[in-house]
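Below: one structure, written as structure tokens.
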Amino acid sequence: VADLWWIYSKPVPADGRELWALFLQCSCITAVIGGLFYNWMFASLEYSWHLSIAMAISFSLLLLLALFLVHPARCVFSMIMPTLGTKQGRKLLFSTCIMIAVVNITPNIISNIKTILQVIQCICKNSSDSLLNSTALLEKVSWEFGDAVQEATHSIYKPMNGHFRFSLFQNSSLIYQKMHLAGEKISREFLSVEVLVKDSVRVANRLAAGFFMLYLCFESTWYLKNYLTDLRFDNFYITKQLERLAVDRRAAHLLVGSSKKLIRPTGLKLSREEVVLCLMQAMLVTVALLLMLVVVAMDHFAFSVADTAVRKAAQFSAVPVTLSIKYKAEIGIMPFLFKLFWRPSEALLLRDFNRTYHHQLIFSSARCRISPPTPPNPSVLLVVGLLFCILYGTVFLETFARRLCRGIAASFFQSWEEKRVLHLFRTLSRRHSKE
């Protein structure tokens, strides 16, 4: 492995064997990266498969030429891998989490809201149908009551026809048609909103992903540029070369006295600035996690409401309605004559009317087309949870990823690394002399 890395990091291969070894290494790397690039475009960014294949092949060929022919390009590409563990890699993971939420969680919420609206539509349709049918009962009651009023003891006292006329709205299909059109309109509006949200977030995610990838390459290039132009840039590590140089010049005490300011690139010690940076990045990840938890909670809440609505609608029993009519009438016989003689008046009793009618109001029916509520997908929650675990991991691994970038740059440009080590040693010597 050390020999392969030595061949890979050399500016120019020494012989034909190293040239073929370098070409095979670059070919293997481009094949793996091309497959990952295709999967990223097709599965995450949702491009078509033929466009993803064409882009992956073109990208692989260009990457092969760049890695095989350009030595700094190999260095930049090698630093991109650990740079994925920094904030730029976290931005890509954030973009992936947003895409997962939009593609999987948001449609699930909209589907459950549709189910709730279907339950409401079913209840409105059946209750209106039941209310329309109740007019037939009222018409029956009115005719029976009118017949009872007509049946008096003497025909001379028989009142006029007391029947009530109920006109049942026969064109009830018009109501159902209007309710159906209203439900279809709501469904189309929800579908248009869902499509608009998906398309908007898909385009935004593609633009953000492309920008983050370009910025990832730019950051690696920027690090290499500063490494090759500024001797003080990211130069506060106790490397093996610095230790050998201090021992050769009999100045090992410089490293011991400056142990609080210098750190070892392979150690676990973090400086105060690195700890503060990690805590700030962890807070940002926590805010993003809380926002994602709000979306997940909305998904569970919508499913709970939809499931409760469907179950309660299925358990709706018919509501009994009782109509009781008690009627008693009498006709006074010449009451003014009885008042003259101070005697109580007599009355002619009519037939009593005391009947009870029963009806049922139905709010739900098995004929209603209600789509079952869609539960949250546990695999989506698992993937999102794993991504956020990786995000929290990259927060604390960012410092070590930066140290790895420095080690890669040092292995590609060893002569320049010697100059940087000599500059750091002279800085420590001057600082020790002043103290």
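Even glycines carry a Cβ here, placed using N, Cα and C.
TrEMBL: automatically predicted annotations, no manual curation.
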Matching range for TrEMBL feature annotation, transmembrane segment, among 92-110, 301-319: 92-110
Surrounding residues of the transmembrane segment (47-71) on its own chain - C-beta under 8 Å, 6+ positions past either end: 10-12, 22-23, 26-27, 29-31, 33-35, 37-38, 41, 77, 206, 412
Contact call for the transmembrane segment (92-110) against the transmembrane segment (275-298), three or more Cβ pairs under 8 Å: yes
